[in-house]
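Taken verbatim from Swiss-Prot:
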COMPBIAS  255-264  compositional bias 'Polar residues'
COMPBIAS  276-291  compositional bias 'Polar residues'
REGION    202-291  region 'Disordered'
REPEAT    22-45  repeat 'LRR 1'
REPEAT    48-69  repeat 'LRR 2'
REPEAT    70-91  repeat 'LRR 3'
REPEAT    426-466  repeat 'WD 1'
REPEAT    476-516  repeat 'WD 2'
REPEAT    535-574  repeat 'WD 3'
REPEAT    593-632  repeat 'WD 4'
REPEAT    659-691  repeat 'WD 5'
Amino acid sequence: MSKITADVLLKEGLPKSIHLKDLKKLNLSKMHLEMKDIDPKLFSQMVNLDELDISHNTLSELPDNLGLHNLRILNFADNHVEDVTVLKQFPNLEEVIYEDNIYLTVSDNYKVFCLLPKLRRLNNKDITSLANHVRFVNHRELSNRVEAHWDSKFKDNLPDKPSSQKINAVAKDFIKSVVNNIKYGPSSLKEFVRWKALGCSGKKRDSADDCTEGSPTKRTRIQHELQSIPLSPRKSNRLQNSPLSLTPIKRKQETSTQGTPSKSTETKSPKVALKSTPSKKQSNESSAKINGKQKLSLTPKIIQKALDNIEPLHFLQCHSKNNSCEDFKTQLWACAFEPILDSSSPKAVATCGGDSVCIIDCETGKVMKKYKVTGEEFFTLVWTTLTMIGKDEQKRKINVLAAGGKHGVVRIIHAKVSLCYGEIKAHKKAISIMCFSPKQDTFLFTGSYDKRIILWDIGVPDCDYNFRPSQLLTLDTTSVPLRMCLVPSCPDEFLVAACEDGCFAWDIRLDKKQGRRSYEVELNFPIYKEERKDNDFHVIDSLAFLNEDIIASKSVMQGSIYLWSWEKTLKTRKTKNVKKLDAVILAQMKWSSSETPYLVLSTSPERYCVFCGDEDGKIWIYDLDSCKADLQRGKLCSVVKEPTKILSWPILFSPKEKVEKTLINVVTVDPTMEYLVALTDINIVSIWKIK
């Protein structure tokens, strides 16, 4: 008679209930259980079971039909289990422990990586990065070797119209040959390679069964050599390979697409006192001691409100070279708000430019953290939130900041503890842009001046901050990627990038064979038809999603911002051979007639707003809430939309210089629309309070 009954399960399970279906957690450890004690009919009633502990028993195997489809954590350590392939019945497993099963080897670990797509921890260690490398990179390589083996040894053995008997005979020989001849990795993984190759050859055999004529052709692999010439990109040379000149001829003004903002929407410039030597007695002092050095910040004395509901709050010089208050030359390039982990955390924004990355408390203007690398020039940064296991074995969420720039190195920073715990030599040229996947918190895309976008799995650090990054995918671009976004409705399928020669989309699905890919489609815009000798308007310097479908983008010197539908544009593609699509424009918004490149727009999906700075220090704000319904329905708007508001740059005073206007390189707002942050070309971080 089985030791395990319904009463035993209810007694050992949590939460306490009289129904098996209510159990979330079950501990059957140290009960001397054998295989015969596990009744699948009984276990399958626990449809909501989340965690199962059957460690320290004498189980030789696990039943293959337990029906626990929602199981996330499984512990069967210290048993006698010999086969892990049975775990594929638990597709939602995130953590497995099977230490001290003496028959299980490192090859079994690799099998588990492939069988369980959501697995993140194995035997109390984070395996995210390694597992994804095995699932995708190793799988692609083994599949290619199996396919090459078929093409070179067995393809010609099949006639044009093979009989089922002939297919079976060839398939049998092929599988046997694969097992004996396909080699990959160290000898300790021999069993895994054999198992994996057997699976790949089985798929090849299945494809042969479906053939009525011919056989699969070998895939041609594209190989490119990495360029090793270093590049130090700045605003003055970022367009050196672009058809747009550095001093372009000004476009003739067109009232339908560009022009200066109307007086009714523009605010006058308030006068602001710029203090470069903070006093200890000042209540709004914004200086911070970092590594023994004083940070200078310039907090304005507000004389006049910029708008009724948006006021300038702080103007900081926290990226100065040698902490000099006279540095008005350092260019600031990127900013991002730190994700909120708890309500007590201050609203913080990370900024980068020059050789430093700063994290600033938006309310106080205090520089809380500063990370500096001598000789580096940071161009981009991005946040992600990881689940880390501490030395106490407790899970906790941490915010991690990735920053990159001129040296092509991604620096990974745990800001809360002021620790840069990792560096990834991602590219041989400068990194221009990065983004994390909203679906996979360890997936980081890096775009570079080497004309490549690379997908990395940065993994999760252990309690000693050891981590293991893995390169999963390479996307070839035809020019430098300037901005990029994952499509929100399918972030594991498509990536869209704005580049120096156009806008492109890539298929990023990792289950495809190609580990290196060119773009899937190129997006064309109406402004292209106005091409001139000095400008073809293909330099797309801004791109951001307004919701899951609508994209805001602009070309340099376009004088307007497009709102276009990703879904409607993709639907116009009749066949996969079509490589160029006309973007389906839903609306057009008037913007500055600026000739300056790299003035980046941003969006607030929560509030349906678009923000963009210009060459005069103005911040253009487009509140699209009133036309939200029309945009979501895909209704076209034939009238060029005016900005809702334009914030003017306040007149700043410092002891030696008056700053009346500047380039606004990037503008962003926090998700709750409390703060607006704008970065300039003259080493000033401006923080505005949204009332």
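Note that Cβ sites are derived from N, Cα and C of the backbone, with glycine treated the same way.
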Report summary line: The average per-residue pLDDT within the repeat 'WD 5' (659-691) comes out at 94
**Report entry** Contacting positions for the repeat 'LRR 3' (70-91) when only residues 6+ beyond its ends and CB under 8 Å are counted
**Finding:** 29, 47-64, 97-104, 108, 111-112, 115-118, 123
Requested in this report: Work out, from DSSP, the number of helix, strand and coil residues along the repeat 'WD 5' (659-691).
Outcome: 0 helix, 19 strand, 14 coil
Requested in this report: Could you tell me how many residues in the repeat 'LRR 1' (22-45) are helical, how many are strand and how many are coil under DSSP?
Outcome: 8 helix, 3 strand, 13 coil
